[in-house]
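Colleague: Here it is: the structure, laid out below.
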Amino acid sequence: MAKLSKMAQATRKLKFPVRQYNRCPLCGRPRAFLRKFQMCRICFRKRALQGEITGVIKSSW
């Protein structure tokens, strides 16, 4: 329940733009947020391995 309220709070327009922080829209995780893909690292990895993100391939060397 707390995560839902934090997600709702993150979507509101704040009085000062500095106070805004990024939160994953899929799971609500506030940390390890990738700005380029607008999701957290865990959701990014899950979707990249499933092939849902275009242009992302698994690295091997």
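Placed from the backbone N, Cα and C atoms, the Cβ positions cover glycine too.
Residues or ranges marked as Zn(2+) binding site in Swiss-Prot: C24, C27, C40, C43.
Situate these features within the shown structure.
Modeller: DSSP assigns C40 (Zn(2+) binding site) to a strand in the three-state reduction. Cβ environment of C40 (Zn(2+) binding site): C24, L26, C27, R29, R31, A32, F33, L34 lie under 8 Å away, each six or more residues apart in the same chain.
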Colleague: Compute the centroid of the Cβ atoms of C24, C27, C40, C43, then list the same-chain residues not in that set whose Cβ lies within 8 Å of it, in sequence order, for the Zn(2+) site.
Modeller: P25, L26, G28, R29, F33, M39, R41, I42, F44
Colleague: Would you please pick out, from the binding-site residues C24, C27, C43, the one with the fewest other Cβ atoms within 10 Å of its Cβ?
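Modeller: Lowest Cβ count within 10 Å among the binding-site residues (C24, C27, C43) is C27.
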